[in-house]
Amino acid sequence: MAKGLFASHIWLWISVFFLLIVNVKHGTCFYLPGVAPEDFHKGDLLMVKVNKLTSTKTQLPYSYYSLPYCHPEHIVDSAENLGEVLRGDRIENSPYMFKMREPQMCNVVCRLTLNAKTAKEFKEKIDDEYRVNMILDNLPLVVPLRRPDRESSLVYLHGFLVGLKGQYAGNKEEKHFIHNHLTFVVKYHRDPVTETSRIVGFEVKPFSVRHEYEGEWDKTTRLTTCDPHARKIVSGSESPQEVEDKKEIIFTYDIEFQESDVKWASRWDSYLLMADDQIHWFSIVNSLMIVLFLSGMVAMIMLRTLYRDISKYNQLETQEEAQEETGWKLVHGDVFRPPSNSDLLCVYVGTGIQFFGMILVTMIFAALGFLSPSNRGGLMTAMLLLWALMGLSGGYSSVCLYKRFKGTEWKRIALKTAVMFPAVAFAIFFVLNALIWGQKSSGAVPFGTMFALVFLWFGISVPLVFLGGYMGSKKPVGEDPVKTNKIARQIPEQAWYMNSVFSILIGGILPFGAVFIELFFILTSIWLHQFYYIFGFLFIVFLILIVTCAEISIVLCYFQLCSEDYLWWWRSYLTSGSSAFYLFLYAAFYFFTKLEITKPISGVLYFGYMVLLSYGFFVVTGTIGFYACFWFTTLIYSSVKID
């Protein structure tokens with residue numbers, strides 16, 4: 001029965017994976033990691049696009065033009081995919097334009113006079129350390145900084161700060177200064193044959209400069225602080241531009257072009273340079289040690305204890321001798337008795353299978369390079385689509401298990417599987433989105449995108465769950481390896497260390513220990529706005545997590561059965577699923593030690609999203625532990641001869 005169930009799940013996942021591959025092969029061809037290269041001739045127009053303003057202090061993104069920055073005559077929004085909208089990206093055109101391989105100095109963008117309202121807006125963003133994000137040829141704007149511990153190594157920070165706080169010499173009063181002069185550096189790789197160039201880098205050095213000029217301001221006015229005719233460039237030694245009511249701000253920029261040996265296919269390497277790969281290897285070695293420890297215990301149980309017990313039990317000549325035995329063999333008449341709340345267990349198992357399939361296929365595509373950071377929003381879009389498609393395997397799994405418990409109303413179980421987890425997630429998401437709306441942040445999901453999410457749920461996922469449930473209802477139910485007694489056996493009093501709560505909490509420690517180092521980098525990428533790109537490492541850690549959850553569940557299930565406690569169904573799910581509890585505790589630890597979030601709403605957003613992440617982790621790890629114990633109990637009791 002267990003083998004047939006696993007085989008069915010495998011072919012379902014293979015079918016969905018094959019369909020995705022076919023769709024990719026028949027779709028538009030593209031270059032990994034995400035976009036096709038664009039060739040530029042000398043003098044071709046380059047248009048910089050602006051993206052959201054971001055802050056690690058508030059976690060609330062805002063559109064670029066929410067601040068009174070210089071803007072073109074007509075602001076045009078770029079088309080964004082589902083993942084970009086959910087991330088809060090708002091990509092728009094900008095007045096920053098220049099020509100390929102034609103350096104320029106001190107271009108004036110616009111002149112702005114602040115009032116009390118606009119000055120307050122700039123000050124608030126400077127206080128919250130907001131960064132301005134821009135894009136050129138699909139490359140994000142970065143600020144290069146040298147690492148203090150490695151002079152030869154550069155660190156790239158995403159975007160530049162709106163401004164800084166500081167004090168004038170001899171004055172203790174803190175002032176706000178805005179970055180109003182940008183020195184762009186565009187790195188390009190030139191083809192010596194065609195003389196075309198491809199952009200391989202986009203950097204900036206921001207400055208705060210109180211620009212000065214003579215006479216009245218007009219379009220022909222020349223600045224004395226930044227003059228290309230006099231070869232006077234901004235160096236950072238000038239007086240900074242203060243942000244105050246009635247202050248005049250002149251926005252300017254320089255553009256430099258640097259030829260680079262980096263080829264277009266490798267242009268993301270510097271952005272994704274991994275300076276801490278040893279930590280990831282340490283994480284994998286640490287996880288492998290846990291797996292080897294658990295594997296040794298499982299091997300000892302399977303090869304020594306179980307083999308001896310089964311041989312001895314099968315050699316007993318009389319029923320009286322069998323009754324004198326103790327341990328897991330005595331509960332053979334109750335071990336496959338349906339648990340309490342069996343319907344809920346079926347729903348959670350089906351949901352876990354749906355999530356497991358989504359994560360597995362997503363990681364395969366990501367490890368192959370299809371979901372690289374250059375494809376903004378691609379990872380989130382792929383996960384949502386795969387979650388909807390995996391409804392097929394979720395419905396199939398839940399109904400198959402439901403039929404094993406002698407259930408007949410499979411449509412009710414399919415409906416619960418299709419609705420329960422998404423309804424909880426959507427309710428939390430809706431509340432958090434309402435809070436973001438209240439802050440007038442671009443991170444608030446618009447009505448159209450909300451409708452798209454509802455369509456994914458009810459238009460794709462729900463029908464597929466019912467289709468999978470229908471397939472599961474037509475599948476023949478396998479026989480239990482042993483018969484279930486009509487009267488339930490009394491469970492003897494358990495030792496303190498076999499208490500269900502204690503056992504469940506102990507079982508979650510090792511699976512969490514296998515992933516917590518990699519979890520640090522995942523949280524950093526989410527909340528500190530850094531790229532997460534090491535999907536090869538993550539895939540290995542995920543495989544280790546699967547083995548760890550399975551083995552710890554089998555070990556504790558065996559100890560439970562040996563103490564003549566046959567209520568293993570829910571215990572097996574909760575044992576490995578309890579690792580989500582430790583994940584949430586670690587998220588709380590990360591919040592108070594690594595983040596500088598000050599606003600209460602930002603804290604609510606953080607813990608709201610971490611509750612969702614922990615809930616998803618719970619159903620995935622719990623399902624892995626459940627199926628491992630299901631296979632284990634089926635295997636050992638099918639090896640015992642029962643008269």
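Positions of Cβ are set from backbone N, Cα and C atoms, glycine also.
Per TrEMBL, these features apply:
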SIGNAL    1-27  signal peptide
TRANSMEM  279-303  transmembrane segment
TRANSMEM  345-371  transmembrane segment
TRANSMEM  377-401  transmembrane segment
TRANSMEM  413-438  transmembrane segment
TRANSMEM  444-467  transmembrane segment
TRANSMEM  496-527  transmembrane segment
TRANSMEM  533-561  transmembrane segment
TRANSMEM  573-592  transmembrane segment
TRANSMEM  612-637  transmembrane segment
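At the 8 Å Cβ threshold, with sequence separation of at least 6, the transmembrane segment (345-371) lacks contact with the transmembrane segment (279-303), having fewer than 3 such pairs. Of the Cβ pairs linking the transmembrane segment (573-592) with the transmembrane segment (496-527) and spaced 6 or more residues apart, 3 or more are under 8 Å, so the two regions touch. The transmembrane segment (377-401) and the transmembrane segment (533-561) are not in contact, since fewer than 3 Cβ pairs between them lie under 8 Å (pairs 6 or more apart in sequence).
Highest Cβ contact count with the transmembrane segment (279-303) among the listed stretches 413-438, 444-467, 496-527, 533-561, 612-637 falls to 533-561 (criterion: pairs under 8 Å). Contact counts against the transmembrane segment (496-527), taken as Cβ pairs under 8 Å, peak for 533-561 among the stretches 444-467, 533-561, 612-637.
Contact between the transmembrane segment (413-438) and the transmembrane segment (612-637) is present: at least three CB pairs lie under 8 Å, with pairs separated by 6 or more positions in sequence. Sequence-distant contacts of the transmembrane segment (612-637) (same chain, six or more residues past either end, CB-CB distance under 8 Å): 1-3, 5-6, 306, 310, 328, 332, 335-336, 345, 348-349, 351-353, 355-356, 359, 421, 424-425, 428-429, 481-482, 507-508, 511, 545-546, 549-554, 557-558, 561, 568-569, 572-577, 579-581, 583-584, 587. Sequence-distant contacts of the transmembrane segment (444-467) (same chain, six or more residues past either end, CB-CB distance under 8 Å): 82, 85-86, 350, 354, 384-385, 387-392, 394-395, 411, 414-415, 417-419, 422, 426, 433, 436-437.
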